[in-house]
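These notes concern the structure reproduced below.
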Amino acid sequence: MTKDISKNESVVFDVQGLNLWYGEDQALKNIKMQIKKNKVTAIIGPSGCGKSTFIKTLNRMIENIPSVKTTGEIIYQGQNIFAKSVRVEELRTKVGMVFQKPNPFPKSIFANVVYGPRIHGIKDKKLLMDIAETSLRNAALWDEVKDRLHDNAYGLSGGQQQRLCIARCLAVQPDVILMDEPTSALDPIATYKIEELMESLKKHYTIAIVTHSMQQAARISDDTAFFLMGDLIEFDKTTEIFSNPKDKRTEDYITGRIG
């Protein structure tokens, strides 16, 4: 069961009848949901349910796999993202991605953050430094690295590397941040810092996060979507999903009876 929870709230993604196949295997089945502006939407479900596939479809990153084919629409900024007129590079700038494992480039901390702006033609050193500082501040990392910006990013801890990847994403001024299990490789303290950061970031960005942790979804998200075997079983406000699920399969999953 999916509920329309978008009344009086701005919709960033309107997903309409989305189907996706890997070759002959269907991974997403007639997905219909809306992701709201300046909210955190959690995508939950057991391994292989389609949640990572879904989130990677929102900026068409899934198309890097040759066998993928899709039907349906994802409306973003009034346009179907699958339309031929959509430039994928621009879409991925506006809809950034943070992955499960921190993936800094083998460059300095500074060079990591300004990599995107440089690709987009920004060369002015002062402007690049301003972008780096702003992005690192917004990723809650500036105070920890401001005196070693030209050190190799590999010298950072895992949690710091993940926040650096978030800063790198922010540097190109996205509207949306997609996160695919961003804390699964981190310790509890680093996880807490990322979760605290998400609460701050949603004031300016829309966030969708895939997580295996029910506790994390309950803590950080405003809305939650439960996927099972490629189907969207239930989508509602997080408080409703965890306190009053409408579908027994949702209840069974969040209470540990399936998954």
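We count from 1, first residue shown onward.
Glycine is no exception: its Cβ is also placed from the backbone N, Cα and C atoms.
The structure displayed is predicted, hence computed values, not measured ones.
Annotation comment: Swiss-Prot describes Gly45, Pro46, Ser47, Gly48, Cys49, Gly50, Lys51, Ser52 as ATP binding site. Marked as domain 'ABC transporter' by Swiss-Prot on the basis of sequence analysis: 6-254.
Swiss-Prot feature annotations superimposed on the structure.
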residue : record           : Cβ contacts under 8 Å, 6 or more apart
Ser47   : ATP binding site : His212
Gly48   : ATP binding site : Met229
Cys49   : ATP binding site : Phe227, Leu228, Met229, Gly230
Gly50   : ATP binding site : Leu20, Ala27, Leu28, Phe227, Met229, Gly230, Asp231
Lys51   : ATP binding site : Ile43, Ile44, Gly45, Val210, Ala225, Phe227
Ser52   : ATP binding site : Asp180, Glu181, Val210
Count of other CB atoms lying within 10 Å of the CB belonging to Gly45 (ATP binding site): 27
Cβ atoms near Pro46 (ATP binding site) (within 10 Å, other residues, all chains): 14
Neighbours of Gly45, Pro46, Ser47, Gly48, Cys49, Gly50, Lys51, Ser52 excl. site residues, C-beta within 8 Å of centre, ATP: Thr53, Phe227, Leu228
PLDDT averaged over the residues of the domain 'ABC transporter' (6-254): 96
